[in-house]
């Protein structure tokens, strides 16, 4: 078994995300005074008194026939199944409500340990109200204040009491982290679901359904992966709501946290300028990149369509000429099987080291094929090259004068290195340095 799992559940707007962020120690779950802001399961690692555990925030459970409410309830139920301990969050200002009683009925059926938290008890006078919560049937209620951070220690003490029989293990460093980025409604969530076969992320045809960066852990070919499914990035001019702003920042953070970035395009709508801007973030961050053309099932096509679309991709994304282009459909799952091998290859190449002697043979052969440039009568001299870093692979070429290294010749050397070693899916960087 892995680390203990703690799920926070409750009706909407009782402060689940605020408490989640308090315990996790960073702003992972988006917080607003609007019911329904958290709609998926949000994961984070946390620690209390030397106990490492995984924490899950969930959407507010509401009773109703609307499909979206049913989806959120289903997400919360999955979180409860995963959990070893459940924090049942209520609102001390509003007292016990009918909605709380409905959540309690669901919790009874789980037969999991439940710790009852009464949030928004912001001053001592409000403590008198918490006794009503005994009626929910989960023993002693713990008064807390997410706004002020009060009472969390007692709550976490009670939660960690249930960890005693759960062995702790930590995730290994070899875990590959990758994310899917793209503008809203290109099918990122659907791709995640198609890949891992579980309704991990709420899928809806409303653009912007996934508001938070949501980590999903899974194993593929005996290797561990973490996939970060990010909120769709909108054009800056359309980022009106504060929530949307947080989501864009979170998506950029997800790129920073990832080793491989899958840039998802809409095969039906084609390529727009925003797609290039989004892909540019990943390239500039030095991440490995895989280009995914989704919704290919919806495209009218003949034997030339795929080749023509790939040519458009290459034309629009000239800076990503190293990235493979995959065509697939999350809806029909056609060619979904090509995504993980491409991610694995990109990850391996992103971390690849080459032997210095072979590298220098390649460089010298390149110089013999295409002599170095001259400027004002001075010719560039290349003495030797070495690899100085990975993620991305980075090379330093020692020369007589770095100013003589024209970008076109640097590009030529990059192409020769790629011809020799591959490096599909990853940028490589070359820097000229004066030999001392």
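Backbone N, Cα and C define each Cβ position, glycine as well.
Here is what Swiss-Prot says about this protein:
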BINDING   10-17, 57-61, 119-122  GTP 1 binding site
BINDING   182-189, 229-233, 294-297  GTP 2 binding site
DOMAIN    4-167  domain 'EngA-type G 1'
DOMAIN    176-351  domain 'EngA-type G 2'
DOMAIN    352-436  domain 'KH-like'
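Classification of residue 185 (GTP 2 binding site) by DSSP places it in coil, neither helical nor stranded. Of all the binding-site residues listed here (61, 121), the one with the fewest other CB atoms within 10 A of its own CB is 61. Figure note: comparing Cβ neighbours within 10 Å for the binding-site residues 13, 58, 185, the maximum is reached by 58. Less than 8 angstroms from the CB of residue 10 (GTP 1 binding site) sit 16, 60, 61, 88, 89, 90, 100, 103, each of them six or more residues away in the same chain. Residue 188 (GTP 2 binding site) sits 20 Å from residue 58 (GTP 1 binding site), taking the C-alpha atoms as the reference points. Note on proximity: among 13, 58, 121, the binding-site residues of the record, the Cα nearest residue 185 (GTP 2 binding site) is that of 58. If you measure from the Cα atom of residue 182 (GTP 2 binding site) to that of residue 58 (GTP 1 binding site), you get 24 Å. Nearest Cα neighbour of residue 296 (GTP 2 binding site) among the listed binding-site residues (13, 58, 121): 58.
Confidence across the domain 'EngA-type G 2' (176-351), taken as the mean pLDDT and rounded to a whole number, stands at 80.
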